[in-house]
Amino acid sequence: MEKNPLGIIGLGVMGRNLGLNLIDHGYKISGYDRDNSKVRALKEESQGVASSFDSLEEFVHSLESPKKILFFVPAGQPVDQVIQELLPLLKEGDILIDGGNSFYQDTERRQKQLKDKKIFFIGMGTSGGESGARHGPSLMVGGDREAYEILKPMLEAISAKADGEPCVDYMGRGSAGHYVKMVHNGIEYGIMELIAECYDFAHKVLQWNEKQISDLFEQWSKEELSGYLIEITVPILRKKDDKTDDLLLNKVLDVARQLGTGAWTSEEALKLQIPTPTIDAAVVMRNLSSRVEERKEFNNQFDTHSSPPVLEPTVHQSIAQELKKALFLGIICTYAQGFSLLREASKNYEFGIELEKVAKIWRGGCIIRSKFLEKSRMAFSKNPNLSNLLLDPSISQEIKENNLVSSLRKFCSLSLSSELPIYAFLSTLSYFDGFRCGRLPANLIQLQRDYFGSHTYERVDSQGIFHTVWE
Ligand SMILES: NC(=O)C1=CN([C@@H]2O[C@H](COP(=O)(O)OP(=O)(O)OC[C@H]3O[C@@H](n4cnc5c(N)ncnc54)[C@H](OP(=O)(O)O)[C@@H]3O)[C@@H](O)[C@H]2O)C=CC1
Ligand SMILES: O=C(CO)[C@H](O)[C@H](O)COP(=O)(O)O
């Protein structure tokens, strides 16, 4: 029997679509899932091109050597279970690829576990959701470079293309691929929360309807704000509910669920002491949204409101312009925070991540793709050691020339007087102001630490460590 170059385990949303994408590009694949109906469905959908198996032994046997097996099963225990089941069937040199959203420390552990057996374990962050997997995802690959080189032609063929370049690359050693995907998702959380806060403002303060707001987002998606998350907000705002006459949006419970990657990003940033306040705020607001009972109680208990500013319709268009600029700066700062975290993590964990490559493969296929990523790519290409995107001369020039900071400030102050929760925008503004204000009140904190704990301090006028005898 002719052997196939790649096998996929887990034929749900991602595995099934990536399998069909591979077949479109001329690769014959084998598929396996613990749910036999999914195995049969793939065979039918691929018109028999995919070889599908109900037994793991037959599945592994159908693959050419070295065996290349990609899994798309839920992160956590299912990945370990699949590895355990596969181990007796594998030989030295075989390559396992985890395409799911696994936690990077789990990936490191699995790589160590399989190294002794000389089996490669690649952590591959995959982004683009269902349609990306089907028509071209962004693929963030980490682990052994030798194994990546074997997989490269196949991955390049199925990945999205941005300006003709494949949106896949080797991110670095160990769990670098899953780490980059984790930060991608943190940025995704930040941008989604900023967009939601914009919508809330247009809806509650400008009192625009969803048609007007979707037209605004549609306009933005053709300008410098152009990006996938802005784009998909347009049809989402316009979608009719199929059960009622209302819009679907009005029928959806206001609780934002999460699978964990955003919170992992914030936890990592805290651990490495890199400020990522927009991402943190996005996680916090998802958490707050889920406290449904407390929110109801608060709503009853604190039901008095100050009178919000009245905005005449004549100023609406100019406020919408400020809103656009505030969102643009919010998005720039979210990317800046994500890239700063990646830079620090790469140093700390010795991943060897090149930020230019990250920006390059995020330009297409992934959920956070946007026009701004080309500017980020150029910034890191000019200066691979750039510690913060906001320090790039052309990006800072763009922020200044377009008065983005004053728009963000105006938007925040209007929202605050309208009692809108805009935690992501406020955090972004404080991030910006905190970096540029010259002198922070951290000197006072230092003296408080020294007062109660003799923790010492440094002076602005002489080198060394100082302590004051306080009493
Ligand atoms: N959906 C998305 O947009 C994206 C998802 N991801 C990540 O990709 C991974 C897969 O996600 P997705 O495709 O959405 O998930 P799905 O739940 O759609 O598919 C997972 C499949 O794996 C099967 N499975 C679970 N455990 C095992 C096992 N031990 N052996 C064999 N098959 C098993 C499941 O079967 P059963 O149904 O019986 O449990 C299911 O068919 C996750 O880590 C996810 O976070 C990454 C990027 C985007
Ligand atoms: O990886 C993804 C997109 O890039 C997945 O869709 C992920 O599930 C999104 O995260 P969450 O479910 O926590 O919102």
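Each Cβ is built from the backbone N, Cα and C atoms, and glycine gets one as well.
Positions annotated as domain '6-phosphogluconate dehydrogenase C-terminal' by TrEMBL: 177-471.
DSSP gives Lys181 (active site, proton acceptor) a helix state. Feature annotation from TrEMBL assigns active site, proton acceptor to Lys181.
What TrEMBL lists as active site, proton donor is Glu188. In the shown protein chains, 23 other C-beta atoms lie within 10 A of the C-beta of Glu188 (active site, proton donor).
Over all protein chains present, the Cβ of Lys181 (active site, proton acceptor) has 28 other Cβ atoms lying within 10 Å. Summarised as a single figure, the pLDDT of the domain '6-phosphogluconate dehydrogenase C-terminal' (177-471) averages 97.
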